[in-house]
Number of protein chains: 4
Amino acid sequence: MPLTPEQRAEIEDARAETRQTLRATSDGMESHLYRAHEVLDHGLVRVIDYMGDDSAIVQAARVSYGRGTKAVQNDEGLIRYLMRHWHSTPFEMCEIKLHVKLPVFVARQWIRHRTANVNEYSARYSILDREFYIPAPEHLAAQSVQNNQGRGETLEGEEAARVLDWLREDAGRAYDHYEAMLSQDGQQGLARELARMNLPANIYTQWYWKTDLQNLFHFLRLRADPHAQYEIRVYAEAICRIVADWVPAAYRAFEDYRLGGASLSAKALDCVRRMGRGEEVTQETSGMSKGEWREFMAVMEG
Amino acid sequence: MPLTPEQRAEIEDARAETRQTLRATSDGMESHLYRAHEVLDHGLVRVIDYMGDDSAIVQAARVSYGRGTKAVQNDEGLIRYLMRHWHSTPFEMCEIKLHVKLPVFVARQWIRHRTANVNEYSARYSILDREFYIPAPEHLAAQSVQNNQGRGETLEGEEAARVLDWLREDAGRAYDHYEAMLSQDGQQGLARELARMNLPANIYTQWYWKTDLQNLFHFLRLRADPHAQYEIRVYAEAICRIVADWVPAAYRAFEDYRLGGASLSAKALDCVRRMGRGEEVTQETSGMSKGEWREFMAVMEG
Amino acid sequence: MPLTPEQRAEIEDARAETRQTLRATSDGMESHLYRAHEVLDHGLVRVIDYMGDDSAIVQAARVSYGRGTKAVQNDEGLIRYLMRHWHSTPFEMCEIKLHVKLPVFVARQWIRHRTANVNEYSARYSILDREFYIPAPEHLAAQSVQNNQGRGETLEGEEAARVLDWLREDAGRAYDHYEAMLSQDGQQGLARELARMNLPANIYTQWYWKTDLQNLFHFLRLRADPHAQYEIRVYAEAICRIVADWVPAAYRAFEDYRLGGASLSAKALDCVRRMGRGEEVTQETSGMSKGEWREFMAVMEG
Amino acid sequence: MPLTPEQRAEIEDARAETRQTLRATSDGMESHLYRAHEVLDHGLVRVIDYMGDDSAIVQAARVSYGRGTKAVQNDEGLIRYLMRHWHSTPFEMCEIKLHVKLPVFVARQWIRHRTANVNEYSARYSILDREFYIPAPEHLAAQSVQNNQGRGETLEGEEAARVLDWLREDAGRAYDHYEAMLSQDGQQGLARELARMNLPANIYTQWYWKTDLQNLFHFLRLRADPHAQYEIRVYAEAICRIVADWVPAAYRAFEDYRLGGASLSAKALDCVRRMGRGEEVTQETSGMSKGEWREFMAVMEG
């Protein structure tokens, strides 16, 4: 449970004050505002602010394409057209600001998406809380045998217990020493910017993260993917549910064209065409390597 | 007068519909929403949407600096501190979306600021309107004698009249031919994407332009500067007035530290220090070139 | 013919001076350096500098993936793997700097790709040359009847002649007046920053444009596409030929996975799977709109 | 000593192979290529590749400003002019690619500079080495009493010894457990992407980092500043020495206008002007807060 009673009260206060605005609003998003979506053992995602809705995408597209867009009969059709043809700029007209609490090793992956604005809690200025991510037993996975960056079976028995003990004990001891080094009780106290170096990568940090819908979709396509690491995927999935309420038409198009779609190479397209004509195609006659063929078969089988 | 009665009605309609929101609002900005600020002879700037206010900047800073910011007594002091020390990320937490109608040669300067989202009216899809920027007589300036990119005196008499006639006639004829080339009356009609090449750089285009406050301040510092070309400066000045109403504390800090401030080189600082000690400093003893010294003197004299 | 004898001499001079370096070099690229590839009637593309080669991509990937990449047997296989799985950062490790001379209306499309560094010839500081793009007769296309942003048949006979005359005459007259307004012979002379507004969008400008290989591929995918406007596509095609010599393995992967590939939606994948099982699928049973189905059929037929 | 004999041999090999190129070269930079500059106890900075030199900046500026730049007599003068007037695009025409080995807590600060290309060693794919940053005794500083993000006196005696022991022991134990969790000896072995979470922020990581000179200067201005954390400042200083050899004229301008310069607010400029006229100015008559006045006095006193 990531929230203190104090934090719950703050959220209730924020939600209690309704204001008047002439801006576009999204009812689905208003119901999310400020509320904490719990993720992992101590993490959360909260919407702090947003700009635009489905109609803001359409409006921007109509500025660009003027009379040319009149032919498209309705907003959802136009949004699907834009998504299908990679017209990305109208989706950039929506913006979201999230408050995220997440383990440092997840934050390090997340920050590789550069087209966003970030304000992270600073461990140079301030003292981090004693909160660490400890995987639930069912997510304590072995290294994959096939895939260098994948997970295999769940660890069991003594091995699992040993891992959980180490993670808990090392984090606890590191934090004890962090506090002891910082203490100014009978000693000078180490600088915060130095003491933090003792903390492990499963400690929680938090940030405000702001990005536009186009870049958010790119983030979600990569991080809500089954190959993404579980610990970041759960954040992406929580955000997917929020976006589905914010811009329902855009999210449906995203699901169809991106999340559920696939990119086929020229070789793969050639195979698909031959298969469509009833021809039998094998890896040998496909022109693909074994690895590519295996991935292609996975796409073909759904 | 850049607005048609139809457009005025649309703006009134947009302003007539008030909605409820839990988001931060800025009263100053609500009064600007959708309204057209007229710029040049047919141009305009309108706020279409915004995210955040002064307190959103403070809130983001407090996430970053945690307890460290409690020492600062009030919001305006904290905003001034952030601006003074180039802590730019909290200002990125505010976002603005503008509708701008502007001559193409101004748009070409504007677009060099890359950190923004843009949806421009497309002359591939659609037909541009017959609207051209013709300078008012008092802005019809001669080439500067000193400065390769500056303006000198105002043109007068026959020369001014000749220039205005040419600008008007060439634009009119180019547009007549644009229309005649596009016409499908008794002929095929040239493709729009080709016909547009006949149009001069003073024709008006329009776009939606969305950026964060930090990048907007950077744009305004360069384009509201007295050395910026008049035709873009008037847009920057119109936006300055809007921003002053949107985030008053941030704008005051921007005025003090950026618009009204100056960057001094190591050599200039050395001169200032010597002058502060009562020493007389000349170009010869300053270590500066003549050009630098002239610019330094201009700063010192205000 | 876009080059003056003086420019040809400059290029020969630049190519005459060989230097020693410890950096990675690409033989294919060295043969392009400084040489002008002519595009349209007065345009050009020249490589001014480059950083990296195929092995620089591999080297960066091996930093990231460490021992994990040892399993891939060779460099080309690794490059294909990276491209297939959208691992974009290794491709960002190569950089190219081009000198491009192009019509202003092409430049306005091009600049929408924001992740690049640009130094454009400034018509505020300097005087543009009398050079305009006039389409060759076979590229003088009518507006498409189906497609708002497309081209149809080639114009013929009197209509074509009339268009070419107008384009030539309007450009010539606009330039005459540009010169006459600038002239300081017996008059003050209009400021350059104002006089330029009389010039049409088919006048040539030039710039240095620098970007990384990842962003260049994105540009090429959109602009070397058959749906791109002819006048920008020829630039993209010229650059494709250069890139094929610079990073041959990366370019082959790009051709297979991007230029020759296609993105299929969830609905399209479902159809492909059903067709692969021998099922007959029609637009009615596909779940797609007519427009989508038409585009899907075009992909399936190649 | 951050390099193994194997790595030294690789560097010697890379430096042994000289190639021919027609590109611009920088002699100062060639002497740095591939060589390791040691930083902290196990860190390093190495130049892997570069594009351009001082003359590339000048060349790009002359494309932009055309005849307008002829008035400037020499290249260094033009470079100083560009730097003084914030003409940033010509500096973007130079690019550098560095290999950096650095503690994770330093990497987390560094990555906040978003306008760069990065390939980091992946602890999802690969196993990190047992290397940790342990501060030298003279850099083991207490928390500053005045400044939330600063350092005070050096720790001494038992307190210092205790801190160093904890840092060493906790890192060693965390790494022992990391290895033990990964081990597939008699057990399944935890997934790498999970095991890494036990590692503290002083473990070393490494990356390839590529950026343009304009953005590099921005990074250096912030990180070579006396207020930057010591552990990142030493990297910035090492890079400063490299850049001074790469683009000597640009670096001198950077030193004068940025590193050694200062931004003064409108209020500070007003004080400077009054002091220049011999007037006595105090905090009370300056219009500044106490904090601002203290900072202003620090600038005035050098």
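Even glycines carry a Cβ here, placed using N, Cα and C.
Since this is a predicted model, take the numbers as computed values, not measurements.
Spatially close to D:R223 (active site, involved in ionization of N3 of dUMP, leading to its activation) yet at least six residues away along the chain are D:W110, D:I232, D:R233, D:Y235, D:A236, judged by Cβ distances under 8 angstroms. Annotation source TrEMBL lists active site, involved in ionization of N3 of dUMP, leading to its activation at D:R223.
Look at D:T89 (FAD binding site): DSSP puts it in a helix. Other Cβ atoms within 10 Å of the Cβ of D:T89 (FAD binding site) number 22 in total over all chains. According to TrEMBL, the FAD binding site annotation covers D:T89, D:R112, D:H113, D:R114, D:E120, D:H218.
In the three-state DSSP scheme, D:Q109 (dUMP binding site) falls into the helix class. Here the Cβ of D:Q109 (dUMP binding site) has 19 other Cβ atoms within 10 Å, regardless of which shown protein chain they belong to. If you look up TrEMBL, you'll see D:Q109, D:W110, D:I111, D:R112, D:E120, D:Y121, D:S122, D:A123, D:R124, D:R196, D:R223 marked as dUMP binding site.
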Euclidean distance between Cα atoms of D:R124 (dUMP binding site) and D:R112 (FAD binding site), Å: 21
Work out how many Å separate D:E120 (FAD binding site) and D:I111 (dUMP binding site) at their Cα atoms, rounded off. 11
Between D:H113 (FAD binding site) and D:S122 (dUMP binding site), what is the CA-CA distance rounded to a whole number of Å? 20
Compute all pairwise C-alpha distances among D:T89, D:R112, D:H113, D:R114, D:E120, D:H218, the residues listed as binding FAD, and give the largest one in whole angstrom. 28
Hey, how far is D:I111 (dUMP binding site) from D:H218 (FAD binding site), Cα to Cα, in Å? 13
Check each of the recorded positions D:T89, D:H113, D:R223 and report back the ones whose Cβ is under 8 Å from some Cβ of chain A. none
Looking at the binding-site residues D:T89, D:R114, D:H218, which has the shortest Cα distance to D:S122 (dUMP binding site)? D:R114
Quick test of understanding: given the binding-site residues D:T89, D:R112, D:E120, D:H218, name the ones whose C-beta is under 8 angstroms from chain C. D:T89, D:E120
For the binding-site residues listed here, D:R112, D:R114, D:H218, which shows the highest count of neighbouring CB atoms within 10 A? D:H218
Most crowded position, judged by CB atoms within 10 A, among D:I111, D:H113, D:E120, D:S122, D:R124 as binding-site residues: D:S122
Per DSSP, three-state class assigned to D:R223 (active site, involved in ionization of N3 of dUMP, leading to its activation): helix
Here the Cα-Cα span from D:R124 (dUMP binding site) to D:T89 (FAD binding site), rounded to a whole number of angstrom, reaches 37
Where the record names D:Q109, D:W110, D:I111, D:R112, D:E120, D:Y121, D:S122, D:A123, D:R124, D:R196, D:R223 as binding dUMP, the maximum Cα to Cα distance in Å: 29
